[in-house]
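Everything on this sheet refers to the single structure shown next.
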């Protein structure tokens, strides 16, 4: 049986402050560092090991991966970083407090921006200092590849080619894979793996720092999936993600 492990980064400083983060490179909070280490403990207790790991080019995911692997004594595992695993780009909302944004625009509108499949938030101007085209880590990307705002549909479109061309072949070759990424890049993969509809993906929330194990058949079709550790705590953490924009 194939096991694929997905892990959303630990709590970031902006998660703690309830701000839209997107492609802004915000580090982990103290709680997030502890979550990352605890994720490593949970995976080690489960008897998991890895041959290769994938993560984004954002430090909150990279540091989560480091801390988890360090706890497992697996820092030697090869790591591939890709912008295709970045969080979805939240456009001009990046840096804004979610509750204050909901008070300004209404909870329903913010829910659409946060969780709908095909409605992006207001775009970022390319003259804005937050525009990723100004960041050297994206120097190899074309202007068409660099987003000014993304909906989940856009995130799926940029991630799935990497899944099919890079990650899936490694899994089929027998490699044990860990993916440490972000709420929406992982939702994009979960939507694909579980064949979740555009309507139902709105209700899927992934908590920080809790490993999600997928058991797959030889065609990489899911047999089942489950969070490691306390299931009730995982459910409460996922519900808390859903409530972030509420007052």
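Cβ coordinates come from backbone N, Cα and C, glycine included.
Quick caveat, the model's predicted, so the values are computed rather than measured.
Within the same chain, residues at least six positions away from residue 9 (active site, tele-phosphohistidine intermediate) with a Cβ under 8 Å of its Cβ are 28, 32, 36, 58, 60, 61, 63, 64, 180, 181, 182, 208, 209. Residues or ranges marked as active site, tele-phosphohistidine intermediate by Swiss-Prot on the basis of sequence analysis: 9.
The active site, proton donor/acceptor annotation in Swiss-Prot covers 87. Residue 87 (active site, proton donor/acceptor) falls within neither a helix nor a strand when secondary structure is assigned with DSSP, and so counts as coil. Neighbour count (other Cβ atoms within 10 Å of the Cβ, all protein chains): 26 for residue 87 (active site, proton donor/acceptor).
Neighbour count (other Cβ atoms within 10 Å of the Cβ, all protein chains): 31 for residue 8 (substrate binding site). The substrate binding site annotation in Swiss-Prot covers 8-15, 21-22, 60, 87-90, 98, 114-115, 183-184 and is backed by sequence analysis.
Classification of residue 182 (site 'Transition state stabilizer') by DSSP places it in coil, neither helical nor stranded. The Cβ neighbour count for residue 182 (site 'Transition state stabilizer'), using a 10 Å radius over every protein chain in view, is 26. Sequence annotations record features per position, and here Swiss-Prot assigns site 'Transition state stabilizer' to 182 based on sequence analysis.
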Query - Which listed residue (22, 183) has most other Cβ within 10 Å, given these are binding-site residues - result: 22
Requested in this report: Quick one: of 88, 98, which of the binding-site residues has the smallest count of other CB atoms within 10 A?
Outcome: 98
Query raised in the report: By the DSSP assignment reduced to helix, strand and coil, which category contains residue 8 (substrate binding site)?
Result: strand
Query raised in the report: At the Cα level, what's the spacing in Å between residue 8 (substrate binding site) and residue 87 (active site, proton donor/acceptor), rounded?
Result: 10
Report task. Might you list, by sequence position, any residue in that chain lying six or more from residue 11 (substrate binding site) with a Cβ less than 8 Å away from its Cβ? Result -> 28, 29, 31, 32, 35, 208, 209
